[in-house]
Amino acid sequence: MKFKKVVLGMCLIASVLVFPVTIKANACCDEYLQTPAAPHDIDSKLPHKLSWSADNPTNTDVNTHYWLFKQAEKILAKDVNHMRANLMNELKKFDKQIAQGIYDADHKNPYYDTSTFLSHFYNPDRDNTYLPGFANAKITGAKYFNQSVTDYREGKFDTAFYKLGLAIHYYTDISQPMHANNFTAISYPPGYHCAYENYVDTIKHNYQATEDMVAKRFCSDDVKDWLYENAKRAKADYPKIVNAKTKKSYLVGNSEWKKDTVEPTGARLRDSQQTLAGFLEFWSKKTNE
């Protein structure tokens, strides 16, 4: 079956898998589409451009993941010590491979799960994606992070940095509150996920890395803990972005939801840059062990 502009996870033009299951909405945790909407009803609510994804490998205007990576680089460029200088040089040298990994995560199998994007979501409280039993962003991001470290140690630098790009994609996915609470493109109200991410693309330039920003680190030597903590921080902001007021505003077609979400979104973008900077330093540390 084909739906235009929407799949279960993200907002792309692609085939979707239709799962023969019934899922009840639960307002206290994961939110799902309460009453299945007809394809034309969903389509009418969706914007006619791709959402917060990786729509071009190196165009930050339409690639929020890569934009966050470039902001993280700016943060790392301050207070450069020997290890950080080496990391910065390598990130610059292998920028193309990193960018391609970030991009492919949204456009190639097995990374985008045949257009369902199941592995791009992760609820840290339930330790699952939006369909329990499938690989989530914590598991998938950790897998490519660890493969990247192994490839680097073996001198396979092109694949190491490509897989680092994949890991960056999953890590930054769950720094978005909707992804950290399994609120998908067809969660109620259908299309709000996509509209919100498109809105982020229009305002993110207001929240670039500044001199006072530092790399934020989590106190763990396990990358799964890093992904968990990153999602936990994002989920804490979920009620500020998805609530009764913002849903109603979106459904009636006014822009009040944008005004209500701009402040928490800006704070979320800044935090995402800083935790990603820490994530990159953590990766560098692991490659040198």
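Numbering starts at 1 and runs along the chain as it is shown here.
Just so it is clear, glycine is given a Cβ too, placed from its N, Cα and C backbone atoms.
Here is what Swiss-Prot says about this protein:
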SIGNAL    1-25  signal peptide
DOMAIN    52-289  domain 'Zn-dependent PLC'
BINDING   W52, H65, D173  Zn(2+) 1 binding site
BINDING   D106, H120, H169, D173  Zn(2+) 3 binding site
BINDING   H179, H193, E197  Zn(2+) 2 binding site
List which of the binding-site residues H120, H179, H193, E197 have their Cα within 10 Å of the Cα of D173 (Zn(2+) 1 binding site), in sequence order.
H120, H179
Give the helix, strand or coil assignment DSSP yields for D106 (Zn(2+) 3 binding site).
coil
Want to know which binding-site residues, from H120, H169, H179, H193, E197, are within 10 Å of H65 (Zn(2+) 1 binding site) at Cα; which are they?
H169
Averaged across the domain 'Zn-dependent PLC' (52-289), what pLDDT does the model get? Just tell me the whole number, please.
95
With H120 (Zn(2+) 3 binding site) as the reference Cα, tell me which of the binding-site residues H179, H193, E197 is the closest one.
H179
Tally every other Cβ atom lying within 10 Å of the Cβ atom of D173 (Zn(2+) 1 binding site).
31
List only the single closest residue to H169 (Zn(2+) 3 binding site), chosen from the binding-site residues H179, H193, E197 by CA-CA distance.
H179
What is the one among the binding-site residues D106, E197 whose Cβ has the most other Cβ atoms less than or equal to 10 Å away?
D106
Between D106 (Zn(2+) 3 binding site) and E197 (Zn(2+) 2 binding site), the C-alpha gap once rounded to whole angstrom:
14
Using CB atoms and a 10 A radius, I'd like the single residue among the binding-site residues H169, H193 with the highest neighbour count.
H169
